[in-house]
Amino acid sequence: MSQITPDVIAQHGIKPDEYKLILEIMGREPNLTELGIFSVMWSEHCSYKSSKKWLKTLPTKAPWVICGPGENAGIIDIGDGDAVVFKMESHNHPSFIEPYQGAATGVGGILRDVFTMGARPIANMNALRFGDPSHPKTRHLVAGVVAGIGGYGNCVGVPTVGGETNFHSSYNGNILVNAMTVGLARKDNIFYSAAAGIGNPVVYFGSKTGRDGIHGATMASAEFDEKSEEKRPTVQVGDPFTEKLLIEACLELMATDVIVAIQDMGAAGLTSSSFEMASKGGLGVELDLDAVPMREQGMSAYEIMLSESQERMLMILKPGKEDVAKAIMDKWELDFAVIGTLTDTGRMVLKRHGEIVADLPIDPLAQASPEYDRPWVSPAKQPVVDAKTIEAVCPVEALKTMLACPDLASKRWIYQQYDHMVMGDTVQRPGGDAAVVRIHGSNKAVAITTDCTPRYCQADPHEGGRQAVAEAYRNLSATGAVPLAVTDNLNFGNPEKPEIMGQIVEAIKGMGEACRDLDFPVVSGNVSLYNETQGTAIQPTPAIGAVGLLDDVSKHMTVAFKKTGSNIVLLGETKGWLGASLYLREICGREEGAPPPVALHRERRKGELVRQLIHDGQVLACHDVSDGGLLVAVAEMSMASASRIGAALEAPSTLPLHAWCFGEDQGRYVLEVSDDELVAVLEAAKEREVGARVIGKTGGHVISVGGRAVAVDELKAANEGWLPAFMGAEMSGH
Amino acid sequence: MKAAVIVFPGSNCDRDVAVALEASLGAKPYMVWHRDTELPAVDLIVVPGGFSYGDYLRCGAMAAHSPIMREVKARADQGARVLGICNGFQIITEAGLLPGVLMRNAQLKFICKDVYLRVENDRTDFCRYYRSGDVVRYPIAHAEGNYFVEPHTFREMEDNGQIAFRYCDKNGRVAPEFNPNGSLGNVAGVYNSKFNVLGLMPHPERLAEDLLGGSDGKLMFDSLVEALS
């Protein structure tokens, strides 16, 4: 009697036509272990089968790109022999089911992707999306996710320097936890995953293998239903202490010359790591599963191959170097075992208790996984909203309300739970436009940001994709850093629905346009689909993580107003675009309209201008204008200043006041400029054909506009108050 | 002055404190692995922050039994200066170099931010560049900094001048609302009775350079260099 019934096939998430392909590849019926391996390798999570066709259209090259997508992480050259290694990755499904462990292991996984390549992790970021604050699960999820990220990152001693957090009802049943790690390597000491050398030993090290996380990758490739919480056993458990040892042991080992190839065991564990390494090297591999260090007794080949136990690595050693590697693992008290050898067969042969338990061809699994050209339809364009038809509310009252809304409220409650200073190089802490982290022992620094505006992507995924990239570009530029490259974390609903597939296609097209026009290539990324619960999809959320370079860290720029009596200069055009704006949503209760368009050709000129002005010391503060518009940007500059320097603004009479204050026109920056520099700054803007005008002066401790004023302290209290009050309610409720 | 930094599995501020020491001292400290049983001839031993052994047991409890800690205790008895920062404070307290215990923060969360501290005793090798009553800004980053000791011991410590720092506001006012973790008497750091051992939760090494936001912490390392050179 065959074990492989249609039910078993369906439980493994394999479609009937995919099973036909399996039969062709195998030339026989697979056994359960083999079927399990196909199932994880061909899951959406591991194979990118729905998105591959479109991901290929993204620009990935630039002279400074050392390694683009396809490896564990992307790598860029930052000069002086230094390379920056980075990637962002989702851990959405596990974090919803078990928020602490789900988020913690998300951090652990992305750290491993980076140090696997020979880089010491120097910064973590995270982009989080939660459901409506009034949803009964939201507090619990926020508390768990934040504690999990902190619990892991703090222990491994890598600073968590920034990120973003949104709340929206579309995430009620599918939160997003996207974690990013940035690492630093030497250009001449980078490690890749392609296996080489027939007969070379295949070595396992790190933690032992247990039964946790089996079928995590398959779970991440299906919609949630009411039974999803029964999947708790498929969530892995993290051990950050072991990860810390693993970082130190790996870097110590990498300083010797014994490693041929190395890869972490992430999603689909030993299966995907061994298949990918062998496939990239065009080789075969034979594994003796009895040699795998195990935490539990009686584990089957199926369980060993599909376990997603954390903090494990696989590497190919040079022949005869086992002792060197073992001595280092012994020092760090990590498990170490030679579990197999490379062969020339192109097949994966697994043995358990002396018998062959699986025998699969490697390339068809790893490379010939199904690739779908799924049907898609572009979403209908939303009408442009005329600001004159939108209710005008007293601007300072609206400002106060908006600064206390969940998306704009200070995220201090979150980032204070993250150690953001360990390693002693955090020059700009969380709360600014981008984090700035010095390259240790040098005068250089990287700026790091994560960005996406899901409400724009919902209204128009194409424009939203462009905007996410452009905003990342601005946030880096606003610190003075030259934007270099991005990593993307594409979070969407079920790609089998044409309207969702349309969001994916359009967002990728938009991102691609922006990345091309801004010379801002995509070097790594991750796709998370099926973010739907009972048929309701999340807002499309193509999160962008981006890295830029400051040649001279002492010139980094911050958002805080520095002096009284400075000029407040607005760069860029203001038309008062209120469609899909926060004002419309938070003040008028309307989620509608086309989002503001991004003019990419001007974007680049403006970025160059801003960086030039910062480099030449002509500005005192700089902040990009994003969520909430101009008045919010100015208020954030006041609230960030140590002495709460206010601002007196002069609104033009050509626009409705609320549209000028809260319109979200793209491509704008607010600068603080002293009287001495003003003429030169305006002249420089004119030379680059960038609109620039003085809109007010700094001074006092209030923000005034249109004859109304509000104290900066009052705004600060509203801005700082929301999240602790919201989370505090959790404490008293239990 | 010669200095050593002890490195446990899970230490993660060892490099940070070495950088700060080197900036004040002009020479690199020795980095000593926890399994070593001997220390080089040094005037100052630093037990750095981190999560030794993951802090899966009580914080610092495992590290306190590492082989090197016998040697650290012996050196402390002979008068060497010992500085325990954050997890290092927990470790040397667990090892019996200081009285008291460090419990879970009162609000139960890890907290990372700058705090103001009032210098309580400037007549020590650690604080000679400060004046008693000075207000300094150091960062904290811990989940278990809630210092407690028996009340009668605490009174003795206060009478002896063994309180090193107390949490306060920027004007030096000590009050419960400025206490980030619920510690007894707003205590942030304490000395032993011979004043050669200091343990504190805040991190002087993290604000020892203006580029990082301030340099109040540098004065502690400068003080030690001045006292021990």
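Backbone N, Cα and C define each Cβ position, glycine as well.
Nobody curates TrEMBL annotations by hand; they come from automatic prediction.
Marked as active site by TrEMBL: A:His45. Look at A:His45 (active site): DSSP puts it in a helix.
In the three-state DSSP reading, A:His91 (active site, proton acceptor) counts as coil. For A:His91 (active site, proton acceptor), the same-chain residues 6+ apart in sequence whose C-beta sits under 8 angstroms from its C-beta are A:Gly102, A:Ala103, A:Thr105, A:Gly106, A:Gly109, A:Val177, A:Asn178, A:Ala179. Look at TrEMBL and you will find A:His91 tagged as active site, proton acceptor.
Of all the Cβ atoms in the protein chains shown, 31 others lie within 10 Å of the Cβ of A:Asp488 (ATP binding site). Feature annotation from TrEMBL assigns ATP binding site to A:Tyr48, A:Lys87, A:Asp488, A:Gly525.
Sequence-distant neighbours of A:Glu89 (Mg(2+) 1 binding site) (same chain, 6+ residues apart, CB-CB distance under 8 A): A:Gly106, A:Gly109, A:Ile110, A:Asp113, A:Asn178, A:Ala179, A:Met180, A:Asn489, A:Asn526. Look at TrEMBL and you will find A:Glu89, A:Asn526 tagged as Mg(2+) 1 binding site.
The feature substrate binding site is assigned by TrEMBL to A:Ser90, A:His91, A:Asn92, A:His93, A:Arg112, A:Gln236, A:Glu308, A:Ser309, A:Gln310, A:Ser528. Around the Cβ of A:Arg112 (substrate binding site), a 10 Å sphere holds 27 further Cβ atoms from the protein chains shown. For the recorded site, A:Arg112 (substrate binding site), the DSSP three-state label reads helix.
What TrEMBL records for A:Asp113, A:Asp264 is Mg(2+) 2 binding site. In the three-state DSSP classification, A:Asp264 (Mg(2+) 2 binding site) falls within a strand.
Taken from TrEMBL, the feature domain 'Phosphoribosylformylglycinamidine synthase linker' applies to A:11-49. Residues of the same chain lying 6 or more positions beyond the ends of the domain 'Phosphoribosylformylglycinamidine synthase linker' (A:11-49) and with a Cβ under 8 Å from any Cβ of it are 2-4, 55, 215, 217-218, 220-222, 267-268, 271-272, 275, 300-302, 305-306, 350, 357-361, 364-366, 368-372, 495, 527-530.
Look at the domain 'PurM-like N-terminal' (A:70-184): DSSP puts its residues at 45 helix, 42 strand, 28 coil. TrEMBL lists A:70-184 (among others) with the feature domain 'PurM-like N-terminal'.
According to TrEMBL, the domain 'PurM-like C-terminal' annotation covers A:198-350 (among others).
Annotated domain 'PurM-like N-terminal' per TrEMBL: A:431-549 (among others), in sequence order.
As annotated by TrEMBL, domain 'PurM-like C-terminal' applies to A:564-699 (among others).
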According to DSSP, how is the domain 'PurM-like N-terminal' (A:431-549) divided among helix, strand and coil residues?
43 helix, 41 strand, 35 coil
If you draw a 10 Å sphere around the Cβ of A:Lys87 (ATP binding site), how many other Cβ atoms fall inside it, taking every protein chain shown into account?
28
With DSSP as the yardstick, break the domain 'PurM-like C-terminal' (A:564-699) down into helix, strand and coil residue counts.
52 helix, 24 strand, 60 coil
Using A:Glu308 (substrate binding site) as the reference point, find which of the recorded positions A:His45, A:Lys87, A:Asp488, A:Gly525 has the shortest Cα-to-Cα distance to it.
A:His45
Which whole-number value in Å describes the distance between the Cα atoms of A:Gln310 (substrate binding site) and A:Asp264 (Mg(2+) 2 binding site)?
9
Winner by Cβ pairs under 8 Å against the domain 'PurM-like N-terminal' (A:70-184), considering only A:198-350, A:431-549, A:564-699:
A:431-549
Residues with Cβ closer than 8 Å to the Cβ of A:Gly525 (ATP binding site), same chain and 6+ apart in sequence?
A:Leu55, A:Pro69, A:Lys87, A:Met88, A:Thr487, A:Asp488, A:Asn489, A:Leu490
At a 10 Å cut-off from the C-beta of A:Asn526 (Mg(2+) 1 binding site), count the other C-beta atoms across all protein chains.
24
Between A:His45 (active site) and A:Asp264 (Mg(2+) 2 binding site), the C-alpha gap once rounded to whole angstrom:
16
